[in-house]
Amino acid sequence: MTPDPGAFNHISVLSHELMAGLMLQEQGLYLDATVGGGGHSALILSQYPQTQVIALDQDIQALEAARAKLHDACDRIQFWQGNFSTYHPGELRFDGIIADLGVSSAQLDRPERGFSFRYDADLDMRMDQSQGLTAADVINTYSERDLADIFYHYGEERFSRRIARKIVSKRPLRTTSDLARVVASSLPAAKGRRRRIHPATRVFQALRIAVNQELQVLEKFIEIAPTWLKPGGRIGIISFHSLEDRIVKIHFRQNSLLQVVTKKPIVASEQEKRENSRSRSAKLRFAERVPLADEAES
């Protein structure tokens, strides 16, 4: 079935801050490691007529949406489908690299993708739908202990063991609604009522991270990506929860090729938070590629 690009509606976050921090070059080459619907790439391409972008995404629906959005600049952008951790630029070196992590609003808003408990759909959660493992596979085949560990480590869910025990007793679970109900029924009544978020929020986050191996691929990407930058080039990464942000922060500090630009993360303005609720948890960090001794002399 051909994806419908028009149905992939995603509002990019921290766009102004991202463009300012990249310090765009007139003839620069940029890597958008998570092109999504193409919002950030469109802004990069709009700055200068000779700027070029290589755009990656593992989600074919996102990639097709970006192709449609950026059609007028098709001579200045190349697309590649796959996870950013498996991309190889060859001899190319970039003036800037950006990544907007996590699940997009467009993915959450498409019921058939199975990311959200707001819709009744099959438990899927695959960003790359060609991969085998689904959320249903994890929920229905993993041991109680493994499920509890996933919920605790990836969702920071304090009732992880209680929830895992209930899930195992109720298996098989096939839909997002099935899972959300079981999670909600696992919590002590008073605790569930006092939560500011839906009782299943942390479990769904943890499950999505596990299905897509989000933290593992982020670590791999952030270790190799600095070698793709030209000296003076910048990498900017937007994260949406503390687990991602911690990885970005630590790797930026520890990588000898990088100098941290943002001592503290950049967050959305109050106006952007009002206009786009997804931006409330967004954190943007920048680092700059430092020249090696032989590069400084050349």
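Every residue number used here counts from 1 along the chain in the order it is shown.
In case you wondered, yes, glycine gets a Cβ from its N, Cα and C as well.
Quick caveat, the model's predicted, so the values are computed rather than measured.
Database features (Swiss-Prot):
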- G38, G39, H40, D57, F84, D100, Q107: S-adenosyl-L-methionine binding site (BINDING)
Residues that sit under 8 angstroms from H40 (S-adenosyl-L-methionine binding site) by C-beta distance, when 6+ apart in the chain: S12, S15, L18, D32, I98, D100
For G38 (S-adenosyl-L-methionine binding site), nearby residues of its own chain (Cβ under 8 Å, 6 or more apart in sequence): A55, A65, A66, R67, K69, L70
Neighbouring C-beta atoms (10 Å sphere around the C-beta of Q107 (S-adenosyl-L-methionine binding site)): 21
Fewest Cβ neighbours within 10 Å, where candidates are the binding-site residues G39, D57, F84, D100: G39
Secondary structure at D100 (S-adenosyl-L-methionine binding site), reduced by DSSP to three states: strand
Residues G38, G39, H40, D57, F84, D100, Q107 [recorded S-adenosyl-L-methionine binders]: greatest CA to CA distance in Å: 18
